[in-house]
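The block underneath contains the structure these notes are about, expressed in structure tokens.
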Amino acid sequence: MGKSFDKLCGTNYPLSICFIVVNEFCERFSYYGMKALLTLYFVTYLKWDKDLSTAVYHAFSGLCYFTPILGAIIADSWLGKFRTIIYLSIVYVIGHVVKSVGAIPTVGNTDVHIALSMVGLILIAIGTGGIKPCVAAFGGDQFDEEHVSERQKFFSIFYMSINAGSLLSTLITPVLRGDVKCFGGDCYALAFGVPAALMIVALVVFIAGSSLYKRNPPQGNILLQVCKCIGFAIKNRWRNSKHEPKRKHWLDWAEEKYSKRLIQEVKMVLRVLVLYIPLPMFWALFDQQVWVYKPKKTTFSQCVSVHYSRFWCIPVKDHRLKLSSHCPRQTVEDNVEKNTDGKPYVRFFSTLQEAMNITVGQVNFYAPPDYSMSSNVTVDRNEYPAVHCDLQSEDCPGLNLGLLDFGASYTFILMKESGQIVAHRMEDVKANSVHIAWQIPQYVLLTAGEVMFSITGLEFSYSQAPSNMKSVLQAGWLLTVAFGNVIVLIVAEGAGLEQWKEFVLFAGLLLGVCIIFSVMSVFYKYVEPENMDKINLEDTKEEDEGDGKKSSMMLDKTGKSTKL
């Protein structure tokens with residue numbers, strides 16, 4: 001259209017990508033900040049059991065990666081990427097606000113809180129999933145076709161902004177919930193409100209760059225045309241393959257009705273989508289880092305360092321690789337609630353004739369009388385040589401609980417011995433005995449693999465897509481994540497394997513998939529974007545010249561069928 005776009009500091013990088021990268025940082029802060037507290041919110045605020053909490057958590061996560069196809073269709077077929085990002089970001093913001101209001105205890109009863117939370121989560125899933133394929137593809141659109149290397153580096157920067165936002169939100173929002181008290185308890189309303197505010201910032205920043213963006217207009221309902229083209233090719237081949245000569249590709253059977261350009265574009269998309277078939281297994285293994293509840297004894301490692309290590313691993317091409325990990329490895333029994341902080345669990349079993357109040361650090365316990373059990377609560381890791389306790393009938397000297405260590409679960413039996421109350425300690429779950437440093441090589445390998453896999457996948461999905469189907473193919477890439485999580489749920493809930501056997505199974509499957517994918521990639525023919533444009537231009541000229549001939553052919557066929 002002849003319009004020139006501002007460049008960044010004399011380079012070939014468009015100035016507009018600054019707004020896109022900042023928008024992505026804020027959006028990822030918003031999403032992961034909310035998600036970091038989601039299961040805790042279900043268990044401690046809505047009082048759901050662990051099975052329901054896990055089911056809703058994964059249903060939400062899955063929806064976030066299935067809705068990109070909706071956003072891609074809207075962007076490529078109707079509104080264009082720019083307006084799709086704007087409108088779905090507004091839906092996203094509304095979802096966050098509704099979710100935050102649902103976390104205010106004074107707003108209605110539990111049913112109202114649940115309803116607001118579910119509505120908010122659905123809107124968030126539509127918003128975050130809908131804009132996912134559009135933002136990355138829109139960023140790629142800002143570059144001229146000849147600036148391929150700059151566009152490749154942009155996807156690295158784009159991915160770094162994703163993990164920078166994820167890291168900071170995972171660190172900050174749990175602090176807001178735990179350290180800030182409101183309405184007499186943990187402040188979920190504030191912890192959800194801050195991500196909502198960041199999403200508003202993301203929307204404002206994106207709109208601020210409106211005058212700088214290069215915008216490709218939508219080109220009609222492309223996905224519908226693709227489906228019709230595939231359907232016609234299959235139908236035509238089924239009916240006429242015995243009577244007409246074979247064709248080079250099965251999609252060529254659609255030439256009687258559809259243009260060569262569309263057929264060529266469909267071939268490109270299908271080649272890439274076929275190449276994506278093995279990829280969900282990568283995400284099935286990678287997402288084992290995320291904890292899930294299980295009906296039996298399970299292990300997990302809850303790590304903000306996953307995002308931290310990704311953040312520093314991204315400049316792989318600059319030969320830098322760095323990782324930091326501070327995650328306690330945790331073992332949880334059936335009778336122990338989810339330990340999100342790696343703190344020790346403590347409970348008291350009283351054999352005394354009257355109730356006792358016990359204070360361990362900042363936590364108060366009520367031990368009922370006559371062989372009853374107190375609640376099971378996490379406390380800070382520390383030495384507790386003289387814990388304060390309170391009995392109405394007599395003085396209670398300090399109880400010696402000793403060291404309460406990371407990852408352990410303790411039951412203290414309160415008894416009277418020699419006229420004094422003592423606490424006999426039982427270690428239900430042993431404290432962590434393996435140093436966290438042993439996880440560093442694992443996270444280095446996982447993170448390095450994920451960074452190279454994700455950035456390459458984003459750039460490949462963009463470069464191999466026809467100009468009118470960029471968002472659709474980005475959505476196809478994101479769907480591999482969704483199907484990977486589906487595989488995890490099927491194996492975790494259906495197979496009933498021990499945790500280590502699951503890990504071995506996933507690792508073995510991924511090894512097999514790597515071999516299959518390597519063979520598939522050998523046969524894949526990479527298409528340079530500029531070459532695709534030349535092919536399309538030539539095909540368009542041929543179609544213009546042959547329009548009259550094709551029309552007469554169609555009329556002849558119509559005449560024959562009428563005569564019959």
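Backbone N, Cα and C define each Cβ position, glycine as well.
According to TrEMBL, the feature transmembrane segment maps to 55-74 (among others).
Positions annotated as transmembrane segment by TrEMBL: 86-108 (among others).
Within its own chain, the transmembrane segment (114-135) is flanked in space by residues 20, 23-24, 27, 31, 34, 41, 46, 56, 60, 63-68, 70-72, 74-75, 81, 84-85, 88-89, 91-103, 107-108, 471-472, 474-475, 477-478, which lie at least six positions past its ends and keep a Cβ under 8 Å from the stretch. Per TrEMBL, transmembrane segment is recorded for 114-135 (among others).
Among the features that TrEMBL reports, transmembrane segment is placed at 156-176 (among others).
Long-range contacts of the transmembrane segment (188-209) within the same chain, counting only residues at least 6 positions beyond its ends with a Cβ under 8 Å from a Cβ of the stretch, are 16, 18-20, 22-27, 29-31, 33-34, 37, 41, 45, 85-86, 89-90, 92-93, 96-97, 99-101, 103-104, 169, 172-174, 176-177, 180, 182. What TrEMBL lists as transmembrane segment is 188-209 (among others).
Here TrEMBL flags 268-286 (among others) as transmembrane segment.
Taken from TrEMBL, the feature transmembrane segment applies to 440-460 (among others).
If you look up TrEMBL, you'll see 472-491 (among others) marked as transmembrane segment.
Summarising the annotation, TrEMBL assigns transmembrane segment to 503-524 (among others). Using a Cβ-Cβ cut-off under 8 Å and counting only residues 6 or more beyond its ends in the same chain, the transmembrane segment (503-524) has close neighbours at 271, 274-275, 278-279, 281-282, 284-285, 288, 491, 495, 497.
Summarising the annotation, TrEMBL assigns region 'Disordered' to 536-564.
Non-local neighbours of the transmembrane segment (268-286) in the same chain are 226, 230, 251, 446, 449-450, 453, 457, 460-461, 464-466, 469, 472-473, 476-477, 479-488, 491, 506-507, 509-510, 513, 516-517, 520-521, 524-525, 527, 532; each lies 6+ residues outside the stretch with a CB under 8 Å from one of its CB atoms. Contact between the transmembrane segment (55-74) and the transmembrane segment (440-460) is not supported: fewer than 3 Cβ pairs lie under 8 Å, counting only residues 6 or more apart in sequence.
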